[in-house]
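> Straight out of TrEMBL:
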- 6-23: transmembrane segment (TRANSMEM)
- 51-72: region 'Disordered' (REGION)
- 59-68: compositional bias 'Polar residues' (COMPBIAS)
- PRO86, THR87, TYR88, ASP117, ARG154, ARG159, ASP192, ASP193, ASP194, HIS307, THR308, ARG309: UDP-alpha-D-glucuronate binding site (BINDING)
- ASP194: Mn(2+) binding site (BINDING)
- GLU225: site 'Interaction with galactose moiety of substrate glycoprotein' (SITE)
- GLU280: active site, proton donor/acceptor (ACT_SITE)
- ASN299: N-linked glycosylation site (CARBOHYD)
- ASN317: site 'Interaction with galactose moiety of substrate glycoprotein' (SITE)
Amino acid sequence: MKSVFYTRFFILLPWVLIVVIIIDSDTRRSPGSGPAARYYPLWNRRVGRAALTRPRPSDPSTEHNSAPHNRGKNETVLPVIFAITPTYSRPVQKAELTRLANTFRQVPRLHWILVEDSVHPTELVSRFLAGAGVKSSHLYVPTPRRYKRTGLPRATEQRNAGLDWLRLQYQQRPGIHSAQPHDLSGVVFFADDDNTYSLELFHEMRTTQKVSVWPVGLVGGRRYERPVVENGKVVSWYTGWRADRPFAIDMAGFAVSLQVILSSPKAVFKRRGSQPGMQESDFLKQITKVDELEPKANNSTKVLVWHTRTEKVNLANEPKHPQDTIKIEV
């Protein structure tokens, strides 16, 4: 009996081992087995605010990259567009982000840097980015309460946090792993979540050498504002508000080369000394001159971005205490 038992045991053993190996390899390839996103708060003493440390290029745990991998071969040589988007909690937040993600998903080689006005990353935004289908990095930094008054510039801390992240990620520093030279070709664009963007705009900005500009629709109390171009150079501004500004332009009306951002480490959006509506000018003055601007969109005669802004929702009938039996994320 023992001989029969051992004979059957040694016959079945190799098959059992094969099954175990197959199950183990399938488990390792499971798409849901990756590490969860981690967030690392950093107190930036220079400007006195919280931000995020950079993830090492080899550590994807702080990035969401659920975009399709069937991109064409030519797309690998395109400069990356880094879209910095400030966002804050409000009833229309998810609707705005959904519209923006639907646009970004169609843009090749785009990295979305989404910065929350919050002391911690919210579950709504974390879950949204995980399924957005766009390569992204999730940052967060709160706006000090004293700067939340009506009439004061908004999203300053968030845009600066996005710039800090780019500089920490790509700037070469002694003793810190830095990106390779071919990774430094990119364009930085400040894409607010309440705008509407044509896909053509991203094609236009991708060739930015230093700072490129174009018209913006439905802004400044007019149907559009734009740089006035003569012989390929910006000579003035068509605007409905303070045409005397050095750069009379909206936040959605320009893009900056990543190389310029890295070579100008002190260029930030200012709180102190910056008047309302002057943040764009105060930022651009630190990195370029008007005669160096690169007009896009057919010499700034085509509108490819609009300040559409979602209508403020009417929640007059919303109960103060939840009455529904289930919790739905809107």
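Just so it is clear, glycine is given a Cβ too, placed from its N, Cα and C backbone atoms.
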> Within 10 Å of its Cβ, which one of these recorded positions (ASP192, GLU225) has the largest number of other Cβ atoms?
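Sorting the candidates by Cβ neighbours within 10 Å, the top entry is GLU225.
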> Just going by other Cβ atoms within 10 Å, which of the recorded positions ASN299, THR308, ASN317 has the emptiest spot?
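Checked ASN299, THR308, ASN317; of these recorded positions, fewest Cβ neighbours within 10 Å: ASN317.
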> Here's one to test understanding: among the recorded positions GLU225, GLU280, ASN299, ASN317, whose C-alpha is closest in space to the C-alpha of THR308 (UDP-alpha-D-glucuronate binding site)?
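Smallest Cα separation from THR308 (UDP-alpha-D-glucuronate binding site) among GLU225, GLU280, ASN299, ASN317: GLU225.
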> For the UDP-alpha-D-glucuronate site as recorded (PRO86, THR87, TYR88, ASP117, ARG154, ARG159, ASP192, ASP193, ASP194, HIS307, THR308, ARG309), determine the largest distance between any two Cα atoms, in Å, rounded to the nearest integer.
21
> Mind checking which of ASP194, GLU280 has the fewest other CB atoms within 10 A of its CB? They're the recorded positions.
ASP194
